[in-house]
Amino acid sequence: MNLYEYLSQGIKHFTLIDPDKSVDYLRIARYALEAGTDGILVGGSLGITASQMEKVVKDIKSVANVPVVLFPGSLSQLTDAADGVLFLSVLNSLDPYFIIGAQVHGAVLIAKHYPRLEVISTAYVIVGDGGAAGFVSMSKPIPYTRPDIATAYALAAGYIGFKALYLEAGSGAPQPVPPDMVRAVRKAFPRVLIVGGGIRSSEVARSIAREGPNVIVTGTLAEESPEKLGEIVRAIKQR
């Protein structure tokens, strides 16, 4: 089973580890694995070199029995030590660089230097507050109250041919992507749907899980509260 097939089947929880913010990333990975996470995303910040990323991924894979997937915040965050990469295009960025510019350069790097990486083309759509991701990518986030706009982006992503769509409220967002927005996007986008940002309780995770996403992502909970992370993972699976 390849990575895309794995993501497509059922509903899963992934833990996002940002090695630039989490020095003790192995401890966080172990907490997440003990909590029952189904996969680990690595990346996010801008201050990670290619050699650092390779070491982090190899270290995590040495203790993980789940897929380790790149979530690159820059072109330097590529390594074929990972199981795959979310090849992100920030659809609601106001800067063409984040829609297609970085992707052109990244595609050449992957083809030449990391051909073993499984590439998952991913429409990245920033919602609500947007957090650091929205600020850095110069995005115009979709308001929480406008599922119709999110649906329009989802339809466009499907027609263009993206394999996955990631609804991102942003790290540390005051609230997550609303369940009604997830529901609307699920109806419009038949492929892999990922939702992340602002999910801090099992109740919120369950309400989102019931709307049919394939993957729900949480970040710092593994470090801040391993017990709460376990509750969230169970809520997602038992929805």
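Every residue gets a Cβ built from N, Cα and C, even glycine.
Small disclaimer: the values here were computed from a predicted structure and weren't measured.
Taken straight from Swiss-Prot:
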- ASP18, SER45: Mg(2+) binding site (BINDING)
- TYR166, LEU167, GLU168, ALA169, GLY170, SER171, GLY172, GLY197, GLY198, GLY219, THR220: sn-glycerol 1-phosphate binding site (BINDING)
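Overlay of Swiss-Prot feature records on the structure.
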residue : record                               : DSSP (3 states)
ASP18   : Mg(2+) binding site                  : coil
TYR166  : sn-glycerol 1-phosphate binding site : strand
GLY172  : sn-glycerol 1-phosphate binding site : coil
GLY198  : sn-glycerol 1-phosphate binding site : coil
THR220  : sn-glycerol 1-phosphate binding site : coil
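Shown are the binding-site residues GLY170, GLY172, GLY198; of these, the residue with the fewest other Cβ atoms within 10 Å is GLY172.
Among the binding-site residues ASP18, GLU168, the residue whose Cβ has the fewest other Cβ atoms within 10 Å is ASP18.
Among the binding-site residues GLU168, GLY172, THR220, the residue whose Cα lies closest in space to that of ASP18 (Mg(2+) binding site) is THR220.
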